[in-house]
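**Q** I am attaching a structure below and will ask some questions about it afterwards.
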Amino acid sequence: MQPRRPDRFDGLEYRGTSWGRGDGDVPPYQHGFPARSFSSSGDLSQHWVTTPPDIPGSRNLHWGEKSPQYGADSNAGPAAVGEESSSSSSGGEHLNRFAGFGIGLASLFTENVLAHPCIVLRRQCQVNYHARNYQLSPFSIVNIMYSFTKTQGFRALWKGMGSTFIVQGISLGAEGMLSEFTHLPRELNHKWNPKQIGGHLLLKGLVYVIVTPFYSASLIETVQSEIIHDNPGILDCLKEGIGRVLNLGVPYSKRLLPLLVLTFPTVLHGILHYIISSTIQKCVLFFIKKKSPAQLPGDGSNAVQNKLEDYFPELIANFAASLCADVLLYPLETVLHRLHIQGTRTIIDNTDLGHEVVPINSQYEGLKDCINTIKREEGGLGFYKGFGAVVVQYTLHAIVLQITKIIYSSVVQTAS
């Protein structure tokens, strides 16, 4: 085994020694203090052999020696322990990175790409007050998806996806800038107080106020029919949102509601969705951690398995939080989308037939009038039009989570 020290080293008492000239043996360390790792406590200093501290990836050890893992067999030779710990830690590190990247990519794909056709159908059903079929069943949603793709192609199910990313980017950017200038907390720590909660929710509310015109433009792109309109440009959402604020651009109908009327229901829906999803997420994580006791790190393969298992509770918590928030706020979302789409001269696909178009000519005066009109003309189930799309969306999400877990469990078993 060849030493991995450099040929030249400007350390203290090095160049003048015979070892520094290359014609002597390796001298023992003469420091009078025990070496410690950054993560070690006072009673664990005897487990380390390096000085200065053993930084992961460094080679400042004795020739042929490496830092043993805590809890490893102290009777084993230093070379054997070092080789075993190095191979297991390097393999675990690669698998952890691969697992984190793959699981994050699968979650991102599911939430933003795979779920988008369900979001398109869900919004079209919500704003279609002409519809006689409420599309409450997932089977009817699958049937209408097939009809749309047959007449317009697969592109019709992913319309407006670019604008949704733009709205998310505007939301994140606005939140960061507002937090920087107003010093409102973006996140809550464990020692929160009512003042911090109020400031945090105020920040979220201000973000939803800024996003409101762009959300309207994005909603139009996701529900308008591909039969009538051409594909919008990538930045059309930005231009239409700014034009909505400045009263410029395409002329709208007189029934168009002003942004001040749309701001309150938009902020209300956003704040309630955030509160519900955050509460459900923390509760699910609490019960999962309480149900599965913490495991002490063992050998390399078990450590990798434990590390992989740490990813999925958070994904499950996010899944449950989004599902509960979407289900509980579905009636309010239906009202919100109808108010946003009113007066925009939007023509949508006929969700009853799948091969025709219908115009949106509603005449709601505000939030309260929209609720009363839906209840009077469409009944209580009118607030849940297109609910089958939610069932399809989260069923696909659950399937992807399960497949991802099976794949990475197989990877870990193969590596071990």
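Using N, Cα and C of the backbone, Cβ positions are placed for all residues, glycine too.
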**Q** Please identify the range among 140-160, 161-181 that Swiss-Prot labels transmembrane segment.
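**A** From Swiss-Prot, the annotated transmembrane segment range turns out to be 161-181.
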**Q** Cβ pairs under 8 Å only, please: of the recorded stretches 101-121, 197-217, 312-332, which one is richest in them relative to the transmembrane segment (161-181)?
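**A** Stretch with maximum Cβ contacts: 197-217.
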**Q** Using a Cβ cut-off of under 8 Å, list the residues of the same chain at least 6 residues beyond the transmembrane segment (101-121) that approach it.
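**A** Counting only partners 6 or more residues beyond its ends, the transmembrane segment (101-121) has Cβ contacts under 8 Å with 135, 141, 144-145, 148, 156-161, 164-165, 222-223, 311-312, 315, 318, 322, 351, 386, 389-390, 392-393, 396-397, 400-401, 404, 407-408.
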